[in-house]
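Asker: Pasting a structure here, questions to come.
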Amino acid sequence: MKQEGSARRRGADKAKPPPGGEQEPPPPAPQDVEMKEEAAAGSGSTGEGDGKAAATEHSQRELDTVTLEDIKEHVRQLEKAVSGKEPRFVLRALRMLPSTSRRLNHYVLYKAVHGFFTSNNATRDFLLPFLEEPMDTEADLQFRPRTGKAASAPLLPEVEAYLQLLMVIFLMNSKRYKEAQKISDDLMQKISTQNRRALDLVAAKCYYYHARVYEFLDKLDVVRSFLHARLRTATLRHDADGQATLLNLLLRNYLHYSLYDQAEKLVSKSVFPEQANNNEWARYLYYTGRIKAIQLEYSEARRTMTNALRKAPQHTAVGFKQTVHKLLIVVELLLGEIPDRLQFRQPSLKRSLMPYFLLTQAVRTGNLAKFNQVLDQFGEKFQTDGTYTLIIRLRHNVIKTGVRMISLSYSRISLADIAQKLQLDSPEDAEFIVAKAIRDGVIEASINHEKGYVQSKEMIDIYSTREPQLAFHQRISFCLDIHNMSVKAMRFPPKSYNKDLESAEERREREQQDLEFAKEMAEDDDDSFP
């Protein structure tokens with residue numbers, strides 16, 4: 001208790017102000033301590049940020065090293081293709097082009113141009129201004145793929161075209177289309193002067209990206225004459241890959257400006273090479289399907305677009321498959337068929353096909369009001385997809401479907417009620433539409449013009465008609481087409497492979513000779529014994 005009392009007195013003494021009215025200075029504010037702690041924490045976070053930046057830079061340098069080694073390997077494949085006259089090595093290099101193009105940057109291309117263009121100073125000086133010169137660091141990569149005598153040897157045209165193509169792709173991905181156009185024009189000028197079969201595959205890729213550059217610049221009409229000239233040259237040289245690529249580029253060019261007649265003439269006057277790869281075949285079938293759809297050949301359009309989906313890659317090219325599905329759905333609706341609901345439920349297609357799903361529902365039910373609502377809501381999207389013109393034609397199909405639904409529901413109905421249900425202007429319009437539906441075989445009915453009503457006839461047994469037979473024929477033809485296309489897509493050994501193989505008759509003769517020789521040997525062995 002005494003200790004507690006003394007402690008209280010000491011506390012009271014400390015609480016009293018000092019003599020003279022002066023007070024002790026207040027203790028330092030705790031904010032100063034907090035600011036110091038925050039500063040220390042800030043310096044620590046800055047250190048961590050620097051460490052992360054250094055780690056990121058190190059990983060980027062490693063990725064650049066791998067990319068340069070890949071480019072070096074692709075160049076080696078091109079050189080092997082030229083020396084061995086084997087185009088499959090060029091295909092190996094071009095097959096990795098999408099993966100390589102995603103990893104390109106200023107540093108990689110600067111090192112590649114400096115490393116490969118050792119003897120061709122003019123091309124090197126032309127390409128380097130389009131790239132930013134990297135800063136010299138201690139960890140800078142020394143990339144010298146050509147040393148010794150190879151450094152002074154001229155670069156192969158295939159390798160030079162491949163490296164310039166990488167530059168064009170990089171500038172396109174960077175949205176520097178004007179600069180990409182300059183390099184691509186220079187590349188086309190060099191390719192046009194060459195006549196080398198090993199260059200054909202690389203040139204086909206160059207044509208594709210050359211047209212893409214002009215498409216981004218909205219100058220596709222400028223490049224059309226050049227593509228025609230290269231198509232003539234590729235056809236005369238039997239360059240299948242170049243011919244397929246150029247045909248597709250010209251069709252895309254015509255369809256971009258809605259020149260369907262010129263596109264149809266090009267398709268009819270040219271032959272698409274059978275040796276073309278599946279990707280080019282898929283593009284060609286899609287373009288021809290669009291042409292056939294515009295020209296009212298809906299059955300042929302559906303066939304070609306179904307084949308285009310079959311030729312397309314199964315797990316990639318999602319955008320291409322979405323585009324084909326949009327047009328295919330509209331064509332099937334124009335044919336009077338309703339697309340399968342599972343088609344709209346695929347995860348990769350569900351979102352993009354939603355407007356077309358609503359359109360299909362409107363056509364299936366024959367609801368003209370809902371059809372007009374979908375058209376008003378998604379009209380701009382349909383125009384962007386290039387299907388708006390075909391969808392406008394669906395209005396008559398919607399009306400026909402509505403007439404058929406009314407005919408199935410009512411044995412007799414007045415023309416005024418039909419006009420009201422179909423949202424037509426007058427009963428006379430309904431009379432014309434019903435008369436046309438009867439003439440086209442959409443419904444089985446008769447019109448009483450005096451009393452103004454439609455009398456539906458009794459339904460006949462559909463199995464007594466030819467419709468089931470035609471449906472089975474269509475399915476069987478589809479299966480046979482799949483079988484024939486699968487056989488064509490298979491790889492078979494060359495004909496020279498059979499030269500070294502003996503026929504069945506030759507094999508029998510050889511076996512007979514072996515048996516006779518064995519008998520003679522046995523007789524000789526028997527004679528050798530006394």
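Yeah, the Cβs are placed from backbone N, Cα and C, and that goes for glycine too.
Sharing the features that Swiss-Prot gives for it:
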COMPBIAS  1-16  compositional bias 'Basic and acidic residues'
COMPBIAS  17-30  compositional bias 'Pro residues'
COMPBIAS  497-521  compositional bias 'Basic and acidic residues'
CROSSLNK  Lys36  SUMO2 cross-link
CROSSLNK  Lys36  SUMO1 cross-link
DOMAIN    282-461  domain 'PCI'
MOD_RES   Ser414  phosphoserine
MOD_RES   Ser426  phosphoserine
REGION    1-65  region 'Disordered'
REGION    496-530  region 'Disordered'
Asker: Quick one, of the modified residues Ser414, Ser426, which Cβ has the fewest other Cβ within 10 Å?
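Answerer: It is Ser426 that, of the modified residues Ser414, Ser426, has the fewest other Cβ atoms within 10 Å.
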Asker: Under a three-state reduction of DSSP output, how is Ser426 (phosphoserine) classified: helix, strand, or coil?
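Answerer: Assignment for Ser426 (phosphoserine) reads coil.
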Asker: Give the distance between the Cα atoms of Ser414 (phosphoserine) and Ser426 (phosphoserine), rounded to the nearest whole Å.
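Answerer: Here the two Cα atoms lie 12 Å apart.
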Asker: Averaged across the domain 'PCI' (282-461), what pLDDT does the model get? Just tell me the whole number, please.
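Answerer: When the pLDDT values over the domain 'PCI' (282-461) are averaged, the result is 84.
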